[in-house]
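**Q** Not my notes, these are from TrEMBL:
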type: COMPBIAS; residues: 40-50; note: compositional bias 'Basic and acidic residues'
type: DOMAIN; residues: 62-174; note: domain 'HotDog ACOT-type'
type: DOMAIN; residues: 236-314; note: domain 'HotDog ACOT-type'
type: REGION; residues: 35-64; note: region 'Disordered'
Amino acid sequence: AATLLLSRCLLKMVKENIVVPEEILSFCCNGLQGSTSPPRARDPGEREEAPGAMASPSPPRNPTEVQMSQLVLPCHTNHRGELSTGQLLKWIDTAACLSAERHAGCPCVTASMDDIYFEHTISVGQVVNIKAKVNRAFNSSMEVGIQVSYEDLCSGKHCSICKAYATFVAQGPFGSKVKLKPLTPQTEEEKIEYSIAAERRRMRLVHKDTLKDLLTRSPRETELETRDGSVAVPAEKTRVESVELVLPPHANHQGNTFGGQIMAWMENVATIAASRLCHAHPTLRAIEMFHFRGPSQVGDRLVLKAIVNNAFKH
């Protein structure tokens, strides 16, 4: 139909003594060459695509991936104008929980958090970017990998802050366990994380036994003098005890206390204990692996205790 219509138009142009462009005449003589439109002249600098060439497909995105960006405001910072580690832990836990619930399709609670090492501090006005996604799902628990970086809006600088791994447990009605569907990794990076997740899970399961064994084998040192001859500070002077009332803003949609909120309260009492030892304002650099033994709910009173175990060079 297109060929017939074009032929009629061409015949009419010839009868009316209209000059037919060479491109159209050549196009018609070649029988359209399987196309319904005349060839388009390439723009200068335009690259000719090889026959059958197609744009490379973008890598598939993990359906459990959650990205969160938070602008650091004065209300999020400490006395130095740096982002409070407790606030950062809240954001990390929130993003990880959203990722876990995307995969589970039901409410999830924080079961444990692996070691976290904080590489840099974050100042007011900078942006915290958090990316979380499920690395692997087991029976009723799953590992969520979290990457945290900061962005300076003025200079455009990006820098890594920390990388963390959290374990979440899916919960059904009345706290019942939920059988999770398996996760299929797509990219090479996801396949590596998927494989290592099983080993990390094994390490978490033996973590408690390792600590118990360490405590039974450790010698009981009662000497209060340091190597340089100065008198050490009694640990009792660093002891801190605080009680927190769980209110609705501290809880999730199930009424359970956010794991990130508990971590923020823990960071607070730990910082006070450390400050009592050094008579300064220390910065939290690392958190070792810990487990949540059970949930707490709105109306509960949480008692947090902290004490300095040991002091090193800095």
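Placement of Cβ uses the backbone N, Cα and C atoms for every residue, glycine included.
A TrEMBL annotation is a machine prediction, not a hand-curated record.
Where in this structure would I find these features, and how exposed are they?
**A** Here the domain 'HotDog ACOT-type' (62-174) has a mean pLDDT of 93 out of 100.
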**Q** By DSSP, what is the split of the domain 'HotDog ACOT-type' (236-314) into helix, strand and coil residues?
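**A** Once the DSSP states are binned, the domain 'HotDog ACOT-type' (236-314) shows 26 helix, 20 strand, 33 coil.
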